[in-house]
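K.L.:
Feature list, courtesy of Swiss-Prot:
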| type | residues | note |
| --- | --- | --- |
| BINDING | C159, C162, C446, C449 | Zn(2+) binding site |
| CROSSLNK | K191 | SUMO cross-link |
| CROSSLNK | K237 | SUMO1 cross-link |
| CROSSLNK | K258 | SUMO cross-link |
| CROSSLNK | K282 | SUMO cross-link |
| CROSSLNK | K286 | SUMO cross-link |
| COMPBIAS | 572-586 | compositional bias 'Polar residues' |
| COMPBIAS | 590-603 | compositional bias 'Acidic residues' |
| MOD_RES | S599 | phosphoserine |
| CROSSLNK | K618 | SUMO cross-link |
| CROSSLNK | K630 | SUMO cross-link |
| COMPBIAS | 638-650 | compositional bias 'Acidic residues' |
Amino acid sequence: MAELVGPLRKQLADSLSSCRVLVVGAGGIGCELLKNLVLTGFKNIEVIDLDTIDVSNLNRQFLFQKKHVGKSKAQVAKESVLRFCPSANITAYHDSIMNPDYNVEFFRNFQLVMNALDNRAARNHVNRMCLAADIPLIESGTAGYLGQVTVIKKGQTECYECQPKPTQKTFPGCTIRNTPSEPIHCIVWAKYLFNQLFGEEDADQEVSPDTADPEAAWNPADAAARATASDQDGDIKRVSTKEWARSTGYDPIKLFNKVSALSQTSPYLFKDDIMYLLTMDKLWKKRKAPLPLEWEEINQLGSQEQVIGSGLKDQQVLGVQGYAQLFQHSVETLRSQLKEKGDGAELVWDKDDPPAMDFVTAASNLRMNVFSMNMKSRFDVKSMAGNIIPAIATTNAVIAGLIVLEALKILNSDFEQCRTIFLNKQPNPRKKLLVPCALDPPNASCYVCASKPEVTVKLNVHKTMVQALQDKILKEKFGMVAPDVQIEDGKGTILISSEEGETEANNNKFLSDFGIRNGSRLQADDFLQDYTLLVNVIHSEELEKDVEFEVVGDAPDKAPAPSAPEEGKNIANGNKDSAQPSTSSKAAVEDDDVLLVDSDEEPSSSTMDTESSNRKRKHHDAETDDASSKRKRLDQQPADDDDEDIIALD
């Protein structure tokens, strides 16, 4: 009979006490995980998290208290755990896991790595570091009632990046400024307006009508002419929005009536700005034209205003007059905050700062009204503006428990028993909330864990700069941290160097300036990640508007056409206003893979052939997943399009 130490066999208990574990993230899942680890018998734990504790964390991250607000999550989590398990050996790092100090050798110090992260970039990085160090990684995520845990092992399972994930949703500037069609467009505009008035000004966050919008011009020459007209007509003196606001003493009524600050006789925010947009009549051939607002008319509404909805104040939708008054009150409060900070001070928008949140709520709803959209409650605006998806403490607790169970299998040398486990919102037809699935084998075409990672990128070599190649393609798209790029031209030309000062002069040059053309090959190396990627360049002058590059086949999955995932992804973003989930966070969504199945255990998806495409649905990464984009089994009833189907990884 096996000797037991508590509920565990002695051999396994000894393994727990001697093994070193790295926990990446000390938030919702991380707090539960640290507690579970020490209570299970793990002694040597290192935890890293760059974040500090926020008031909004306290309802579910139980290791933190109000007195800890503003302090390091990792450090406070360590101190809290040691209070009920002083024998544990815990090291805390208040730092980013992407810091070069945490290199492959650092990862090789551990027998297990456990992710409790909330963003894709860090997940990608840890995935690559564990592959390079050949250390098992237990990946996890939650969103509302949904959750998942999976195990990643080099050469035996899919890595985190084996399956393609939809890119983060962004919006063209002309859509935000000229033709908003969804509430999120108005919310983004309102956040831009906050920065233009009270924060750090950014030329990319302009809120006035985009006179150079190509769609508004009858021919391309008109767009160019409009773009320069305001600088050429007469002695117009251009002033910034903030300068004009200061000159008025941040008068709320004047701010309501004026925003674009194209001149000292600037257009009005909800009236003349809109009147100007109406002169760009080509925009409204197939769209409903906006309806200008005027402060005096709104104040005449009086008792006609109604509040929509009942219950908590934040969940009520006010009328136009209510939001106009909220706009006035928030501006007065923000003006006082600026005055207290002194000359030259700036405010930073924070979803947890009531006046800042009130301002964005009011301004965005007034703009929604102008463009004939259903207005939103403060709760809904906050959900979208702050990319917030409600987190549930019990879901985090369940997922953290599953992480430890998978860890025990690995330490007990039972890797073949490891599973990807999904926590569903409702029981499946077999009345199961927790559904285990066999781990998938590596994807042979994965651009991360394949034996020779390779991708093909379509771009315009005459318009793509080296800086864009580095930042948008290699870092943002392919998750590199510090890439070095060499052109395979027989001479070994260095295009990008991670060493500071070596190739900065190349940044503002076009790829064609270095002889890169259709068919050129680039070798990109990230020595921190011990990762090499071969990039095949396809030159194209026919990319869609606002698209700088395309990954052919949407690597690593080369089967679907590029337009297919785009169509699915845009279902929700193109919804009519009335069809949108009340807490939908459509601004910036990231995605994580989750399988919704209806059997006690499913085989590896790689053995399902065509059926797999109907069985898989995407369980989105952060803080944000779109219910309407999820693929369901053909024989399955449609799931409710519910708020909690939005995915945030906590």
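For all residues, glycine too, the Cβ spot is worked out from N, Cα and C.
In the displayed structure, how are the listed features positioned relative to their neighbours?
P.N.:
Listed in sequence order, the residues of the same chain lying 6 or more apart from C449 (Zn(2+) binding site) and placing their CB within less than 8 Å of its CB are L131, K154, E158, C159, E161, C162, P442, N443.
Using a 10 Å Cβ-Cβ cutoff, K191 (SUMO cross-link) registers 24 neighbours.
In the three-state DSSP scheme, K282 (SUMO cross-link) falls into the helix class.
The Cβ of K286 (SUMO cross-link) lies under 8 Å from no Cβ of any same-chain residue at least six residues away in sequence.
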K.L.:
For the C-alpha pair, I'd like the distance in angstrom between C446 (Zn(2+) binding site) and K282 (SUMO cross-link), rounded off.
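P.N.:
Distance (Cα to Cα, whole Å): 45 Å.
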K.L.:
With every protein chain in view, what's the tally of Cβ atoms within 10 Å of the Cβ of K282 (SUMO cross-link), excluding that atom itself?
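P.N.:
Here the count is 12.
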K.L.:
Would you count the other C-beta atoms found within 10 angstroms of the C-beta of C159 (Zn(2+) binding site) for me?
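P.N.:
Excluding its own Cβ, the number within 10 Å is 24.
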K.L.:
Comparing the binding-site residues C162, C446, which residue's C-beta has the most other C-beta atoms within 10 angstroms in this structure?
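P.N.:
The residue with the densest Cβ neighbourhood is C162.
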